[in-house]
Amino acid sequence: MFKQLRPAVSVLAFMTLITGVLYPLAVTAVAQLALPAQANGSLLHNAQGAVRGSALLAQPVAGAEWFQARPSAADYASVPSGASNLAPSNPALAARIAADAQRWQAEGQGAVPMELVTTSASGLDPHLSPAAARYQVARIAAARGLPASRLEQLIEQHVQAPLVGPAVVNVLALNLALADNPSLVPSE
Amino acid sequence: MHSNDFLLILAFFALVLIPAPFLGRYLYRVMEGEKTWLSPVLQPVERLCYRVAGVDDEREHDWQTYALALLAFTLVSLLTLFSILMLQGSLPLNPQQLSGLEWTLAFNTAVSFATNTNWQAYSGEAQLSYFSQMLGLGVQNFVSPAVGLAVLVVFCRGIARRSSNSVGNFWVDLTRGTLYGLLPLCLLLALFLVWQGVPQTFQAYVTAHTLGGTDQVVPLGPAASQIAIKQLGTNGGGFFGVNSAHPFENPTAWSNLFEMAAILLIPAALLFTFGHYVKDLRQSRALLACMLILFSIGLAGTLYAEYQPNPALAALPIEQGASLEGKESRFGTTASALWATATTAASNGSVNAMHDSFSPLGAMVPLFNMMLGEVIFGGVGAGLYGMLLFVLIAVFLAGLMIGRSPEYLGKKLEAREVRLLVATLLVMPVGVLVFGSLAASLPGPAASVSNPGAHGFSQLLYAYTSGTANNGSAFAGFAAGTPYHNLMLGLAMLLGRFGYILPILAIAGSLAAKTRAPVGSNSFPTHGPLFVTLLTLTILLVGGLTFLPALALGPIAEHLTLFQGL
């Protein structure tokens, strides 16, 4: 075995150089040159250049006038991210969903969409199904004094429907559209 | 299920199966030292590696020397990774100024990555520096599957060679597998992932001022390069704590499809590599048929179970459909169930949804896949050598039934090989049932479960199954980061890795030394539907039956409580 130690140490050192240093550096170089926006976290900036968030991470916004993202077991913490890990048989899951469903029912019509009462796997799920976004339209329309059709239209514009996955809307994109578009600002 | 769900499943199978024959042939040429189209670029690098290491690449070794080299390499890997994790506070590339890990956690993580398990008792974005991720975990992500690949080709050579003492050169197999096999595929996948939105930067984390007026820390890092090898090398250790459920680790339905296909890409191709070694591709197709049967049954089971509404929520005023607790909207139920099946069929262990919140039977399929020893495609190299063990057992059983001495592809199986085969059959039961029941019966370790009732037992069972099977996925509510579980799961991982590798190298050595009898009309054919059926049943009965009582106490009991109100 001792005879094997020299090749063991040197092969590991060599592989560390190739796969641990050169490989990530090469990927970083290409990524930063060709795809800088994605490579740096898909950050969204305001007119002054300050970072408002990442297009890929959900952020909590309190208030009836905003679209609410899916509930987060880790309270939208990004370091570290986390899930509820509640078993389907855990009474705590049913109790939490019952309480949330009651709250949601006060604002929308019909059965509460599944996404709005279940926590996501990452706690940072930036998306909702179009149905779960539409469920919030009545509340937001009332809070903003806007016609519901205008919000429905906004949701339609933001639907992403990939061939190999469910249709979703990005909640942060919806909220930024509400914040930035003067025609959507509440008419006091 | 909608049309996009069926399209996803179809695209997944196409991406795994269509490249397999070509990639399999390429990997055969790589592992046999033939010239490939990448040789002009990579050969100088390869030569340099041998020169630095003082390796004579023309010289092959017997199986004992091969095993010693493999053990020496793993030992050096373990010590190096352990030291990096302990000392990361004083090492460079640490913009978040994270301190070193506690020693049992460092031990667990070092074993986990050196054995291709990639169990995460840590949370990457909160506990590991960029240095630890890249030069520590990232490197093991490459070399640990290359070790699995090396062991597989030794087994293949054992069957293919006649009256030979040598089985290959470990350093050459390791180097060629990494440079020609894994590296080029990773470059392609990493860039695809960046395009889809996975970060790849050395910047420190960014603080964002959100619409809600609060601050949000945006974690970054060289993630794409690591996630590519995490998937392709059947590693599974995420850059971020929640693994491929994290929007940065797996941003879109398309990144999800490619990450999922990457899990099984190389394991499926290796079936054809094996066929080229034994000069009989019918053998590859028979093994592929068996794997596809088991995979499809598992997938159908998980999908069916996950689409059932949770009866505990039936009285609530919510949409009555598949539960999305612990699942991401952009993947939905189908992609979550498909990933869970693929990641445990292989020894990958990455997740895009939380298995802890799956329905009882939906989570039992991943658990059962691992208990079988991950032979349905399986890990890089490890899956197929596990499958070939079952093939030898099936051949032995068939030999007993028809009353003639068992042989596989012209190689006679004798007492020595059968004894070693039986030894490998003990690995999973010892790791899962002995270690698992030990943890369940000690009050301290048993307190790590986070859900009440039968599901709590499932959490513990899943942890020890995942560790022994070198998978790495978890019922993540289980508090695995205690010193007891860190050490015991570390031991289970070592048992699961070397409890297979050492007997396999020994079997390969003894097979290589035998002459190869011509396969005649009297031999039991190992490529027809009869053999595929026999093999499938052998896997289910010999591999699976042992665990039925444990499954009855965990997921089956939970299912009955939940659905029948028992």
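For all residues, glycine too, the Cβ spot is worked out from N, Cα and C.
Here TrEMBL flags B:6-28, B:66-87, B:142-160, B:180-198, B:253-274, B:286-305, B:375-400, B:420-440, B:487-511, B:531-553 as transmembrane segment.
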**Study point:** Within-chain partners of the transmembrane segment (B:180-198) [C-beta distance under 8 Å, separation at least 6 from its ends]
**Key:** 27, 30-31, 36, 38, 42, 142, 145-146, 149, 223-225, 227-229, 231-233, 247-252, 254-255, 258-259, 262, 265-266
Point to revise | Segment proximity, the transmembrane segment (B:66-87) to the transmembrane segment (B:487-511), 3 or more C-beta pairs under 8 Å | key: yes
Practice item. May I ask which of the stretches B:6-28, B:66-87, B:253-274, B:375-400 has the most CB pairs under 8 A with the transmembrane segment (B:286-305)? Key: B:375-400
Check your understanding: Between the stretches B:6-28, B:142-160, B:253-274, B:375-400, B:531-553, which wins on the count of C-beta pairs under 8 angstroms to the transmembrane segment (B:420-440)?
Key -> B:531-553
Review point. When each of B:6-28, B:66-87, B:142-160, B:375-400, B:531-553 is checked against the transmembrane segment (B:253-274) for Cβ pairs under 8 Å, which one has the most?
Key: B:6-28
Check your understanding: Cβ under 8 Å to the transmembrane segment (B:66-87), counting only same-chain residues 6 or more beyond its ends: which ones?
Key -> 100-101, 103, 105-107, 109-111, 113-115, 128, 131-132, 135-137, 140, 143-144, 147, 150-151, 154, 167-171, 174, 498, 501-502, 505-506
Check your understanding: Can you name the far-off residues of the same chain, 6+ from the ends of the transmembrane segment (B:142-160), with a Cβ under 8 Å from a Cβ of it?
Key -> 27, 31, 63, 66, 70, 73-74, 77, 113-116, 167-168, 170, 173-174, 177-178, 181-183, 186, 229, 232-235, 266, 270, 273-274, 277-279, 379-382, 384-385, 388, 408-409, 411, 501, 504-505, 507-512
